[in-house]
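Below you'll find the structure, written out as structure tokens, and then a few comments.
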Amino acid sequence: MINENSMTSETEGTEIESVDVSQLMDTHQSIKTDGTTTKTLNLEMEFERSSDRQEKGINWFMASMFILGDLVGGGVVAMPVAFAQTGFLLGVLFMIIICAIFVTTGWLLADTWEIMRKRWPEYRKHCRKPFSEMALRSMSKKSEIVTKATVYSTLFGATVVYILLSSKIIQKFMTNFDLSFNFCLLLIIVSTSILPITFLKSPADFWWAILIAVLCTIITITMIFVGISLDFHDCYHEAHYSAISIDAILGLGIFLFAFNGHQIFPTVQNDMRNPADFKKSVLVGFVFVALLYMPLSAYAFLAYGDSMANSVIDSVQTTWIRYVADLSIAIHCILAIIITVNPINLQLEDTFDVPQKFCFKRVLIRTSLLLTALFVGMSLPNFGSVMNLFGSTAVPCTCVVLPTLFNIYIKAATYDKDNNIWIKPTFLEALQKTPKALLSVLILINVLTVICSVIATVLSVKEILGVRFTPPCYVLPFLTYKNRTQLDADVLNCCGMFMNISKFNFQCAERKTL
């Protein structure tokens, strides 16, 4: 069996005979070496024959539904609004490029986890923190710490966004029936309601939530399509489309956030019956997401132009369609909280040595985490601003940079048959051992990602501190009435250049005091 000490294998003054990883990974190739290496190859061949399949777990299609359920949600209502910032052509271009890049890096991530499962048998069982383990095994302990901070910041940000978005949608839904409810109080109610379900162990325990979330998303998208079609004749001819400017990069944060989900990929892959099939799940999952996002966003932008604000549902003028769409996406976002918060819970439980069973420690840690997310949400109650910020900062690193590094490092590793350990390469060695064509593509992807991320982050911070600043919930009681209404529910955004066109003669941009 391969030694656990492979993560600390740098021994000075020792002559090491090593075998290239590309040879070791090819279990069908005949390699002339001594009995130790042959034994290692037999281990991997045995793994591929039997151990790769688990008795219990989800299939590859259900895994693709997990990806779909994780990615869609906030993006469904916010992506069309991002088109209002980027324009039609640039929006479509952003979407295609980001989707292609994220499929590539998702594939790399799945490949890395498969290699780890072959080399270290302990990863064939349930693993609480697979993403950070990739950093540890492929790179270093310092990389593991950086990875943990980045990944869990991204997941935490997604959790906050879903809490804010679901609460906002529920508030609007109630306002449609003349029921006034304080937004900040709704944040507390939503968080408290979802807490018991977060106590479930892993994705395999709440697969039903994913199916419901996906079903709700399909209902939402169908309703929005129908609503736009009914409004198209009245709104399209009066729609205004802003000229493309540097602010278009701000919409990039929403695009990145909408396709963000790599953090949970290894967790889902580890819960599969046949984890090797996860590459299929990645491709199918992203294709489904693109097919949901692109037609909806383009259609909404053509109909409403830049009159959309925060959510495309607010621009749909048929009342009952807004009701159904709001309710469906609210349910989806509430269930999405379970998905995004689970990997953070597992990491915290591993850090504090919590048993892998239901106990008081699990309840305490998971409750504390959700309360922290609630506090951040009450401090930054505008979900659009939070989505932009996290989409511009943590998401590019988690979904592009880290998966790339993990894969090129672990494939460049060499096996020391004398000490029965894997030796990690230096950065230059990892680059040299990566095929030149692949390396060129990966460098281009990462350079573009970093440049766009920096620009979008600067613009996001300026937006939060400027035009979209919303006072925290715990400050609102001390503000004037005018400032308190910033968290009131907008029932309808009328279309047209001046947002004054309503096919049913509704009062445009109606606000109700809470």
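First residue shown is number 1, and so on along the chain.
Yeah, the Cβs are placed from backbone N, Cα and C, and that goes for glycine too.
Straight from TrEMBL, the features:
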- 57-427: domain 'Amino acid transporter transmembrane' (DOMAIN)
- 58-82: transmembrane segment (TRANSMEM)
- 88-110: transmembrane segment (TRANSMEM)
- 149-167: transmembrane segment (TRANSMEM)
- 179-199: transmembrane segment (TRANSMEM)
- 206-228: transmembrane segment (TRANSMEM)
- 240-261: transmembrane segment (TRANSMEM)
- 282-303: transmembrane segment (TRANSMEM)
- 323-342: transmembrane segment (TRANSMEM)
- 363-383: transmembrane segment (TRANSMEM)
- 389-410: transmembrane segment (TRANSMEM)
- 437-459: transmembrane segment (TRANSMEM)
Looking only at residues six or more beyond either end of the transmembrane segment (323-342), which have a C-beta under 8 A from one in the stretch?
66, 69-70, 72-74, 76-77, 155, 158-159, 162-163, 165-166, 169-170, 172-173, 176, 190, 193-194, 197-198, 200, 202-203, 206, 209-210, 212-213, 216-217, 219-220, 223-224, 227, 263-264, 267, 313, 316, 366, 369-370, 373
Sequence-remote partners of the transmembrane segment (88-110) [C-beta within less than 8 Å, at least six residues beyond its ends]:
79, 82, 134, 241, 244, 248, 251-252, 255-256, 259, 262, 265-266, 269, 278-279, 282-283, 286, 289-290, 293-294, 297-298, 301-302, 399-400, 403-404, 406-407, 441, 445, 449
Maximum Cβ pairs under 8 Å to the transmembrane segment (58-82) - stretch from the list 179-199, 282-303, 389-410, 437-459:
282-303
Taking contact to mean 3 or more CB pairs closer than 8 A (sequence separation of 6 or more), are the transmembrane segment (149-167) and the transmembrane segment (389-410) in contact?
yes
Report, as numbers and ranges, which residues of the same chain sit near the transmembrane segment (389-410): CB under 8 Å and 6 or more residues beyond its ends.
21, 101-102, 105-106, 108-109, 111-112, 115-116, 131, 134-135, 137-139, 143, 147, 150-151, 153-154, 157-158, 160-161, 252-263, 424-425, 430-431, 433-434, 439, 442, 445-446, 449-450, 452-453, 456-457, 459-461, 464
Using a Cβ-Cβ cut-off of under 8 Å, list the residues of the same chain that are 6+ residues beyond the ends of the transmembrane segment (240-261) and lie near it.
67, 70-72, 74-75, 78-79, 81-88, 90-91, 94-95, 98-99, 102, 154, 158, 161, 286, 289, 293, 301, 305-307, 384, 387-392, 395-396, 398-399, 452-453, 455-457, 459-460, 463, 496-497
I need to check the long-range neighbours of the transmembrane segment (282-303): which residues 6 or more away from its ends have a CB within less than 8 Å of a CB in the stretch?
60-61, 63-68, 71-72, 75-76, 79-80, 82-84, 88, 91-92, 95-96, 99, 102-103, 106-107, 110, 217, 221, 224-225, 228, 231-232, 235-236, 239, 241, 258-259, 265, 312, 315, 495
Distant-in-sequence neighbours of the transmembrane segment (363-383), which means Cβ under 8 A and at least six residues beyond its ends:
74, 156, 159-161, 163-165, 167-168, 183-184, 187-188, 191, 194-195, 198-199, 310, 341, 344-345, 348-349, 352, 354, 464, 468, 470, 472-474, 487
